[in-house]
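What TrEMBL says about this one:
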- A:K44, A:E90, A:L93, A:E98: ATP binding site (BINDING)
- A:N187, A:D200: Mg(2+) binding site (BINDING)
- A:N248, A:G304, A:I305, A:T306: substrate binding site (BINDING)
- A:9-216: domain 'ATP-grasp' (DOMAIN)
Amino acid sequence: MKLYEYMGKEQFAKYGIPVPEGGVASTPEEAAALTEKIGSVVVKSQVLSGKRGKAGGIGFTDDPAEAREFSAKLLGSELCGFTVDKVLVEQKLQIDKEFYLAITVDGAARKPIILASAQGGMDIEEVPEEHMVRQTLDVTIGMQPYMTRDITRRLGVTGGIAKQIQGILLKLYKLYVELDAELAEINPLVISGENVIAADAKVTIDDDSLFRHKDLPVVEERTDAEKKAHALGLSYVELEGNIAVMANGAGITMATLDLIQYYGGSAANFLDAGGGAGIEQTSKALELLLSKNPKAILINIFGGITRCDDVANAFAYVKKNIGIPVPVVIRLVGTNEDEGRAILKEVGIEAYQFMHEAASKAVEIAKGN
Amino acid sequence: MAIYLYDDTQVLVQGMTGNQGSFHTRQMVKYGTKVVAGVSPGKGGQELDGIPVYDTVAAAVEKHRIDASILFIPAPFAKDAAFEAIDAGVKVLVMLPEHIPVQDAMEIMAFAKSRGTVVAGPNTFGVVSSGKCKIGIMPNQFFVPGDIGVVSRSGTLCYEIVGNLTAAGYGTSTVVGLGGDRVVGLNFIDVLQEMEKDPETKAIIMVGEIGGSAEEEAAEFIKANITKPVVAYLAGKSAPPGKRMGHAGAIIERGKGTFEGKVKALNAAGVPVAELPFQVPDLLAEALKR
């Protein structure tokens with residue numbers, strides 16, 4: 001779950017990482033009032049996307065009327081594919097130098113990793129590798145002061161600035177661990193005179209950890225259908241095509257999509273019904289697929305923890321009680337396969353043995369309609 | 001031989017009395033796995049089909065030799081259960097649960113490393129040395145003994161590939177599920193290294209997907225260290241960039257981890273890549289001829 005910049009900065013402030021004076025506004029009047037109070041400000045639209053500046057979502061002013069006008073234009077508008085609900089109005093910083101600082105997960109090393117660069121303020125992908133400082137951490141000791149001293153040495157900073165960055169690193173790591181962040185990023189970290197200030201905040205919380213962060217705000221990035229699927233514990237992504245797909249497991253769902261494309265069709269969605277989907281969950285998943293009015297439904301189940309008889313029962317239930325207005329192609333093998341096939345046979349459906357046969361059949365049906 | 005699991009591997013099931021735990025304990029026993037004990041806090045003293053249940057892992061290891069353990073534990077409690085097993089000296093730990101917080105996974109891996117425990121997963125279907133020992137949730141009927149090693153990031157997709165192999169007359173030596181998460185214990189390189197040494201494994205199938213850089217790293221390793229034929233299958237050719245498709249790994253970011261990039265890296269290491277599951281047996285047959 002990505003946090004909006006203003007939420008990220010609230011967390012930064014809580015952990016003692018310096019942020020510019022400012023506040024969040026939902027109306028042009030609030031933006032004007034904040035400008036009145038702060039003086040010279042930057043108005044930043046709050047969307048879950050980078051490249052806000054280039055898209056015209058960031059403006060500078062010291063005039064409350066101008067702040068009102070600019071906010072009125074931004075609020076409610078579309079920016080980078082998101083609707084702007086709020087703007088952050090904060091003190092405009094004198095920028096002497098910009099750094100990049102982030103803590104994320106190095107999957108290959110199985111460790112947290114610090115990324116830092118004295119070339120901040122731009123896309124980190126564009127910073128040449130030789131200007132990046134990388135440092136993985138051992139979680140058993142976490143971030144220690146000596147590491148932060150070495151990082152500032154490698155960044156080429158000294159004196160009071162180095163001391164401040166060392167402090168920020170320790171606090172950022174504490175935040176990263178305590179909030180179960182996948183990413184805690186400051187870009188740019190600004191040197192302004194004698195001070196070091198986080199001019200931006202990008203914090204992504206690990207969705208799988210949300211059960212222990214009930215106090216965090218909920219940020220919704222999903223479409224309505226995706227929300228519904230998530231509530232059912234399903235992994236669902238909307239796509240553009242006309243063949244609704246349900247499979248069990250992310251890998252096999254992707255492979256099913258690949259096969260549909262191979263046979264010249266297009267998938268309407270990615271729906272991973274996951275491991276151990278029960279009758280109720282499976283039937284809800286089917287309802288979800290139908291809500292998108294596909295031309296055909298392709299179900300590809302290779303049962304492991306998922307049992308074929310459960311899937312077949314769910315399918316038979318939906319067919320009898322809700323009705324399925326579009327053709328369905330089912331491939332069903334694995335755990336309790338014989339039981340599953342027998343159940344399907346009772347409702348008049350012959351399950352396929354191989355996924356490529358099922359996929360090509362679904363494409364044929366979708367094209368024929 | 002085989003790797004990680006053998007004929008005489010004695011297995012503990014953590015969370016044995018739960019719905020999934022009891023179902024899959026029975027499946028494992030049916031496959032021939034020596035499940036010697038279970039752990040379910042508060043259920044100590046019970047039995048499941050004659051297999052004793054203990055309250056803690058420590059209590060189980062007092063009474064039994066435990067070589068490996070498998071977790072059927074919900075994600076919020078999985079870290080504790082993994083620590084418990086590693087602390088009790090279990091040397092192979094199979095972590096089934098998905099949705100384990102990534103920082104928990106990092107802590108588990110650090111502790112496992114310090115104690116010399118091999119961890120498969122989290123978010124894995126398990127490990128099976130075909131015909132000898134199965135620790136996991138894979139459907140029994142597809143895992144017949146043979147000389148093809150299979151290593152996969154994805155569960156169901158691996159069954160699919162193994163199913164295709166079996167249908168084409170190939171059995172498997174050891175099949176390893178790495179798990180679909182961003183932080184997992186075993187990776188491609190660890191398993192490739194073991195399979196290279198395993199006299200029972202003649203050729204290796206790698207089942208990968210878009211996202212991350214595990215396949216690219218494996219390709220480098222194969223080029224330098226692996227003499228046995230390797231064939232790969234990669235899922236996600238059709239995935240639109242930027243969309244997260246279930247697995248944490250399956251996200252295309254920053255132009256890295258693309259289908260094309262992975263195919264290129266693997267081909268450069270002499271690994272042919274199947275684009276569709278049913279192409280794997282043919283590619284394998286060709287690779288074995290060379």
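Just so it is clear, glycine is given a Cβ too, placed from its N, Cα and C backbone atoms.
In this structure the alpha carbons, written CA, of A:L93 (ATP binding site) and A:I305 (substrate binding site) are 56 Å apart. Ranked by Cα separation from A:D200 (Mg(2+) binding site), the binding-site residues A:E98, A:N248, A:T306 are led by A:E98. Rounded to a whole value, the Cα-Cα separation of A:G304 (substrate binding site) and A:K44 (ATP binding site) is 49 Å.
The average per-residue pLDDT of the prediction over the domain 'ATP-grasp' (A:9-216) is 94, rounded to a whole number. Candidates A:K44, A:E90, A:E98, A:N248, A:I305, A:T306 (binding-site residues) were compared with A:N187 (Mg(2+) binding site); those inside 10 Å Cα-Cα are A:E98. Neighbour density for A:L93 (ATP binding site): within 10 A of its CB lie 18 other CB atoms from the protein chains shown. Across the structure, A:T306 (substrate binding site) and A:K44 (ATP binding site) are spaced 47 Å apart at their Cα atoms. When Cβ atoms from all protein chains are considered, those within 10 Å of A:I305 (substrate binding site) total 26, not counting its own. Taking the Cα atom of each, A:K44 (ATP binding site) and A:N248 (substrate binding site) are about 42 angstrom apart. Of all the Cβ atoms in the protein chains shown, 23 others lie within 10 Å of the Cβ of A:E90 (ATP binding site). Using a Cβ-Cβ cut-off of under 8 Å to chain B, the binding-site residues A:N187, A:G304, A:I305 reduce to A:G304, A:I305. Between the listed binding-site residues, namely A:N187, A:N248, A:T306, the fewest other CB atoms within 10 angstroms of a CB are found at A:N187.
Note: the CA-CA distance between A:N248 (substrate binding site) and A:E90 (ATP binding site) rounds to 47 Å. Every protein chain considered, the tally of other Cβ atoms within 10 Å of the Cβ of A:K44 (ATP binding site) stands at 24.
Of all the binding-site residues listed (A:E98, A:D200, A:G304), A:G304 sits in the most crowded Cβ setting, with the most other Cβ atoms within 10 Å.
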